[in-house]
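Only one structure is covered here, and it is reproduced in the block below.
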Amino acid sequence: MAKLPAPLHPHPQQSEERYRALTFILTFLLYTSFHLSRKPISIVKVRYGIPETQLVKTHKSNYKQLLGAMDYSFLCAYAIGMYLSGIIGERLPIRLYLTVGMLASGVFTCLFGLGYIYNIHNLSFYIFVQVANGLVQTAGWPSVVTCIGNWFGKGRRGLIMGLWNSHTSVGNILGSLIAGYWVSSNWGMSFIVPGLIIIIMGVVCFLFLIEHPNDLKNIYTQNSSLAVRWSGYGYRSLLCSLPQSYDTELLLPRESERIPMQPVVVVKSESEPSAISFMGALRIPGVVEFSLCLLFAKLVSYTFLFWLPLYITKAAHLDAKKAGDLSTLFDVGGIVGGVLAGVISDKLGKRATTCAVMLLVAAPTLYGFSMISEFGLGPMIGMLLVCGGLVNGPYALITTAVSADLGTHKSLKGNARALSTVTAIIDGTGSVGAALGPLLAGLLSAGGWDQVFYMLMTADFLALLLLLRLVTKELASSKSHPISTVE
């Protein structure tokens, strides 16, 4: 639990509002740094090849498959680790767990860049770093979603989390700009700089993150207490105005007072809920459907994340830096799409229906993007914004507001120790798709980019089909009393 500033002790309500805003901003910046460190590889590999290994140089005919395997190594490790991460996160202090994950991720990101500086030409080194980085980065998402879910209730959760989830796109944009700046001169710095940023943010997390409003209330109670009860030779109650350093002074009693040591036993309340099991989380209504839907939605999103810059260089005939800068428009559209999905789902009270409509429109839009991008830069810019909104809207809604809703589902009967596990199951299943997407793109692109887009459209339609039961249930609910399937 982070130590709060001691000199000022405002009213608890004012203090809680202040730290709610702090938690929103801090978790936003923390996960921005995670995505900032993931983006550079998609920019740098446009240079052919990154890493510049002898294996890549001698396999020019299938270097895309090799680079796809490198993406797959990170994402596959991330998907496997995510299932364990939520269970671990429910049982460890979130602040410490997240801090360790960020520091380790920063180290491995820097190691990838150091491979260029020290002329390491062994592909297994880079794959090892990618696998290790994928595992440690799983500490991020369940932790930040749990924190934001603890601080914000269900009222306007879609809007709030839609705004908050823009950290994904902001991180991608910053990562693209940083990598693009260094890509032509020293691509190692494209990884070292983001690695240092995530290390710095890990230290900030350790110093300032407040996991739950109850932590704040406990500290306020301790700091503002005026009644001190001592048990010694008899019973005595002392009312006093405690000095700022009272916690230290009480450890050293005055010479005129003798206070015998009293053993203190902390007993866990039997009524305190235990962390939910993996199978228990799967039984929450809606978890399986949204998890499988996210598998295909995230497949599409991460294919764009890792392969869009390379596609732009081929379709628009731009260099690596310009392609990286242009690819940020997809993330700009993603910010708008995430916020829009949250606002609409709050207004209608129908999370599944909102996702389904965006997925339905996204599939033909992807086909349009593959056609229009060949007609020049102007049409490509417009389609990048539209595709970004439609692709990232459902992805953002499911990973944030839907996950938080399911993690506090009424079937849990008030047990708040399920949010991290539910979030990890949903995002872990989605990460399986995130691992498959770039790998399949690397294999299919050898036969032409049209095959990649057909794969993306198929994934969108499958995601839509998986939500049909929940959509039917939402539409069948009373129009005067809209009920979301995740309530």
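Yeah, the Cβs are placed from backbone N, Cα and C, and that goes for glycine too.
If you look up TrEMBL, you'll see 21-37 (among others) marked as transmembrane segment. Same-chain residues lying 6+ beyond the ends of the transmembrane segment (21-37) with a Cβ under 8 Å from its Cβ atoms: 98, 102, 105-106, 109, 133, 137, 140-141, 144, 147-148, 151-152, 160, 164, 166-168, 170-172, 174-175, 178, 191, 194-195, 197-198, 201, 204-205, 208-210.
The average pLDDT computed for the domain 'Major facilitator superfamily (MFS) profile' (26-475) is 80. Residues annotated as domain 'Major facilitator superfamily (MFS) profile' in TrEMBL: 26-475.
Tertiary proximity for the transmembrane segment (66-84) is limited to same-chain residues at least six positions away from its ends with a CB under 8 Å from its CB atoms, namely 38, 41, 45, 49-50, 55-56, 59, 123, 126-127, 130-138, 141-142, 278, 302, 306, 424-425, 427-429, 431-432, 434-436, 438-443. The transmembrane segment annotation in TrEMBL covers 66-84 (among others).
What TrEMBL lists as transmembrane segment is 96-118 (among others).
Marked as transmembrane segment by TrEMBL: 164-183 (among others). Panel annotation: around the transmembrane segment (164-183), residues 24, 27-29, 31-40, 42-44, 46-47, 148, 189-190, 193-194, 305, 309, 320-321, 324-325, 327-328, 331-332, 334-335, 338-339, 342, 388, 392, 396, 399-400 of the same chain, lying at least six beyond its termini, place a Cβ under 8 Å from a Cβ of the stretch.
The transmembrane segment annotation in TrEMBL covers 189-210 (among others).
For 287-308 (among others), the entry in TrEMBL reads transmembrane segment. Within the same chain, residues 38-39, 41-42, 71, 75, 172, 281, 327, 330, 352, 355, 359, 362, 366, 387-388, 391-392, 394-395, 398-399, 402-403, 406, 422, 425-427, 429-438, 440-442, 445, 452, 455-456, 459-460, 462-463, 466-467, 469-470, 486 sit at least 6 positions outside the transmembrane segment (287-308) and bring their C-beta atoms closer than 8 Å to a C-beta of that stretch.
Beyond its flanks by at least six residues, the transmembrane segment (328-345) meets 157-163, 165-166, 168-170, 172-173, 176-177, 304, 308, 351, 354-355, 358, 381, 384-397, 400-401, 484 of its own chain at Cβ-Cβ distances under 8 Å. TrEMBL lists 328-345 (among others) with the feature transmembrane segment.
Taking Cβ pairs closer than 8 Å, the transmembrane segment (352-369) reaches residues 286, 289-290, 293, 297, 300, 337, 341, 344-345, 380, 383-384, 386-387, 390-391, 393-394, 397-398, 402, 453, 456-457, 460-461, 463-464, 467-468, 470-471, 473-475, 484-486 in its own chain, all 6 or more past its ends. Sequence annotations record features per position, and here TrEMBL assigns transmembrane segment to 352-369 (among others).
Under the heading transmembrane segment, TrEMBL lists 381-406 (among others).
The transmembrane segment annotation in TrEMBL covers 418-440 (among others). Long-range contacts of the transmembrane segment (418-440) within the same chain: residues 68-69, 71-72, 75-76, 78-80, 82-87, 89-90, 94, 138, 141-143, 145-146, 149-150, 275-276, 278, 280-282, 284, 287, 290-292, 294-303, 305-307, 395, 398-399, 402-404, 406-409, 412, 452, 455-456, 459, each at least 6 residues beyond the stretch ends and with a Cβ under 8 Å from a Cβ of the stretch.
As annotated by TrEMBL, transmembrane segment applies to 452-471 (among others).
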Residues from the same chain, set at least six apart from the ends of the transmembrane segment (189-210), whose C-beta lies under 8 A from its own:
1-2, 4, 19, 22-23, 26-27, 29-30, 33-34, 36-37, 39-41, 43-44, 94-96, 98-103, 105-114, 147, 175, 178-179, 181-183, 216
